[in-house]
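Colleague: Sharing a structure below in structure tokens format, with a few things to ask.
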Amino acid sequence: MRKTHPIRRVVLATAATVSGVVLLLSLKPSSDPTSTSAAGAAPSAAAAGQASPQGGTGTAGATTVDGDATQTQYGVVQVRLTVAGGKITQAQAIQAPKGGTSDQKTALSVPQLNKETVAAQSANIDSVSGATYTSTGYKQSLQSALDKLKKASASSSGSSSSGSSSGSSSSGSSSSSGSAQAQAKTVTGQVAQTQYGPVQVRITVSGGKITKAEAVQAPSGGLSDQKTALSVPKLNQEAVAAGNATIDSVSGATYTSTGYKQSLQSALDQAGG
Amino acid sequence: MTTTLAGGRAARRQTMRRIRPRRSPAVPLLLAVWAGAAAVLWLWWDNTPSIADQNGKILNAGRITGLLAGYLMALVVLQMARVPALERRVGSDRVARWHAMSGRYTLCLVFAHVFLIMWGYALQAGKTLNDIVQQTVDSVNQLPDMGKAAIGTGLFVVIGLTSIGPVRRRMPYDTWYHVHLLTYAAVFLTFWHQITTGNDFALTPMAKTFWYGLYGAVTALVVWYRILTPMRLNLRHRMRVEAVIEETPGIVSVLIGGRKLHRMGAEAGQFFRWRFMAPGMRFSSHPYSLSAAPRPDMLRITVKAIGDHSARLRELRPGTRVWAEGPYGAMTASRRSRGKVLLVAGGVGITPMRALFETLPGAAGDLTLLYRANTTQDLALWDELSKIAKERGARLMYAVNSPEGERPDISAENLQRKIPDIDDHDVFMCGPPGFAQGVYEALRGAGVPARRIHHESFEM
């Protein structure tokens, strides 16, 4: 029966809400120490593109070719193809739009585009509805990668530049990449199967130290995209910082972390031995 | 003609009960609500490592408002799930006010969320605030479950508009009520985009589980207490109109028969929502208080013919089937904390007071009933009240306008003169809003603490 003051209540509620939200926003740091520029939703986005003069780097009997980075309205798209025996065995986006809706769109479209590419063996793939810009950019970058591949095989220099012997990617291989820096060695760990998909780590070792760590395979699809985006950059950093496989798991991505550590350990074993 | 419906065994048993005041669970419930809101904010906090720029700030403000709106939406529905703890212990009136207040607030959050998110997305796509409409169209087309969410938000706009005070007052109650029922559809439609596009739910499976749990629990409570419980009640008790009796000009009593009605657990001071299966009445239910303690074979409501619905009650035929939901209301004997009780009734507000007057435990001299009406002719149920007063040794007073139409003076001084120890009373009060406000102030002036003035008001 106490008197109510509707106007006062409205003003108070509005003021409290607005100032609460503003306070929360201002308490957040403006830059994140843990996330890297590669925090896109595409699983392979953690692997920064390092193109050889020909646009190809070799791993495990297969050639990788990076397409041109294509600008779209929402950000850059860049495709990397893995080619073995003249066929595209894997397609991945090493750069894709990120942030806000783009994260979702990328997560939605890139895995599908990757699959379509492997199935079609050409740039003649369907766009993913709801992610038209990303699809278009993907196709352009894909086409440029295919063009490079054609040129490379014509001059027969692309595939021969990769000096590896081992066939199956799951056996783990160590190769001194032709495109690598002097004395730096790139070692790819064994594939570690996790509940959500395979994880495979590649490290670059120089002067006995890990100078770079990246995941060449990581779980993708649905939630896994986000988890991969969340955990892989962190794990990469940790691996470089620690110099060994005793790194912290990323909370919320335990399976991926465990797989990462296994693959990292196998890579370290190979690098050491 | 009057009817007497006094002296049931159940009523006598109620008068023998001891005074055991029960605290309203309002404070712990509100604390739980705040804790939940804090948890929701923490979820956002934990999943947001940093905010890069202005655009990020806008998007994150949109996320916070969206999360809070999603959380509160579940509670707004819960408040109307007719959960007994809310209806009978906190009080239907208070819960209804909470519902109105939090409903308005939640809708504001929803609209802020839509605006901020679309603005943020527009900026992200390199556009400006002016492109927000185009951005909204794009997002609805491209993102999962956003089509549903857009329809749901449209429904919220309609529901919000029809619930604005002046609009609602101009609308027939039934129309408003049925529009309001669309809330369930709107909540269902807007639920899915929270799960599929919400960053925090994608990143934190625990949060997703919790969200499903929250909405699942609310759905279960609504189905249980709004559908299954009334069905069971009505199948068990099979109520029908027995008779309609005109008490005074404009005030009618409806006697309702049924099976084992004392098993419904209704107490004096409570009400049911009644739906009479007669032409033009079956689609809406209305709350009317019991005007006598429930008997095993008979319930009684007494109603003043003011609205469409109440005017039609007069024409009810005996044998008409009755669908009741309840009992609801917290203005019962368990609110009382003292030995002495003053009941104040204004007009047809006598109905719950009449039932309490009969059943409130108390020795001779503990109970006083003050009955305010326009004229002595309007004192409905007076004969019954006199009889109860005589049997229980209670005081019965009335206050009517003078023959010249002058209002009686219900002031602090007058109350103190009539009831010298008034500050040692619990007061139960029922009447029209203006009257109740006046009496409340007089009672406070006479030294009755606010916590001992028990009143139900269905004013929003």
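A Cβ is built for glycine as well, from the same backbone N, Cα and C atoms used for every other residue.
Curation does not apply to TrEMBL; its annotations are automatic.
Sharing the feature lines straight out of TrEMBL:
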DOMAIN    B:234-334  domain 'FAD-binding FR-type'
TRANSMEM  B:26-45  transmembrane segment
TRANSMEM  B:65-85  transmembrane segment
TRANSMEM  B:105-126  transmembrane segment
TRANSMEM  B:146-164  transmembrane segment
TRANSMEM  B:176-195  transmembrane segment
TRANSMEM  B:210-228  transmembrane segment
Colleague: Restricting to CB pairs under 8 Å, which listed stretch, B:65-85, B:105-126, B:176-195, B:210-228, is in contact most with the transmembrane segment (B:146-164)?
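Modeller: Answer, by Cβ pair count: B:176-195.
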Colleague: Using a Cβ-Cβ cut-off of under 8 Å, list the residues of the same chain that are 6+ residues beyond the ends of the transmembrane segment (B:210-228) and lie near it.
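Modeller: For the transmembrane segment (B:210-228), the sequence-distant neighbours (Cβ-Cβ under 8 Å, at least 6 residues beyond its ends) are 70-71, 74-75, 77-78, 80-84, 184, 191, 194-195, 201, 325.
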Colleague: For the transmembrane segment (B:65-85), what are the same-chain contacts with Cβ under 8 Å, counting residues 6+ beyond its ends?
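Modeller: Long-range Cβ neighbours of the transmembrane segment (B:65-85): 25, 33, 36-37, 40-41, 43-44, 95-96, 98-99, 102-103, 105-106, 109-110, 112-113, 116-117, 183-184, 187, 190-191, 194, 198, 200, 211, 214-215, 218, 221-222, 225-226, 229, 325, 328.
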Colleague: Taking the domain 'FAD-binding FR-type' (B:234-334) alone, what is its mean pLDDT?
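Modeller: Summarising the domain 'FAD-binding FR-type' (B:234-334) by its mean pLDDT gives 90.
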